[in-house]
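Listed in Swiss-Prot:
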type: ACT_SITE; residues: Lys63; note: active site, proton donor
type: BINDING; residues: Asp11, Lys33, 61-70, Thr116, Arg179, Gln188, 208-209; note: substrate binding site
Amino acid sequence: MADDRLIVALDVPNVVQGLDLAERLGDAVSFYKIGLGMLTGGGLALANELKQERGKRIFLDMKLFDIGATVEAAVRGFASYDLDFLTVHGDPQVVRAAVQGASGSGLRILAVTVLTSLDRADLDANMIRAGDLAEITLERAARALDAGAHGVIASPQEAAAIRALPQAAGRLIVTPGVRPTGAALGDQKRVATPARAIADGADHIVVGRPIWQAGDPRAAALAVQAELPTRG
């Protein structure tokens, strides 16, 4: 049985390629992430096919960021697709609106803290306040959780510190920026292995290219799951 702690990112351009990859992965994967790049290529149709016809769990990675009323309405629309996770940016007003939009459904709202493709130099270049990157991530996580987020998206390097927050009890930590042992970093800068991410408190890890670019994606997915610690 697939380990649902692994979420495979379907970072492919259209539904046909997404379904082809899901077919190749078969029962080795039970949880998929569909991102913004796929949305115009039929992402919601793909989500519906995987969820309703194949029994997979779906994480829609939209990183919504707008005024509260707009976010609430958008989330209410997404909730009608019976999704599992949806991302918003971690501004408290956005989080509160998203949680309200998801009320009455099983959709969990995850707040983005600091993208795993960014480092301190990137924050400086974008004039984001000075400070330790881990400290900024922790502050953003705490604010989002205080606003009612069901969980946060953060680098595996910050997972342990977030898990130690009082607000994080019973909340989800989902970590992109996870690379299997020996895999190339790609565009990720703050990374860890699957084993390290889970050991440090992540509930789910997100892995994309190391799986879907592999010659045998199914074997690659199973290899990632083999790196995960045994469930306690």
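Just so you know, glycine gets a Cβ as well, placed from its N, Cα and C.
Distribution of Swiss-Prot features across the structure.
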| residue | record | contacts (Cβ under 8 Å, 6+ apart) |
| --- | --- | --- |
| Asp11 | substrate binding site | Gly35, Gly37, Met38, Gly208, Arg209, Trp212 |
| Met62 | substrate binding site | Gly35, Leu36, Leu39, Ala74, Phe78, Leu86, Thr87, Val88 |
| Lys63 | active site, proton donor | Leu36, Thr87, Val88, His89, Val112 |
| Phe65 | substrate binding site | Val71, Val88, His89, Asp91, Val94 |
| Gly68 | substrate binding site | Gln93, Val94, Arg96, Ala97 |
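Cβ neighbours within 10 Å of Gly208 (substrate binding site), excluding its own Cβ and spanning all shown chains: 19.
When secondary structure is read from DSSP and collapsed to three states, Met62 (substrate binding site) falls in the strand class.
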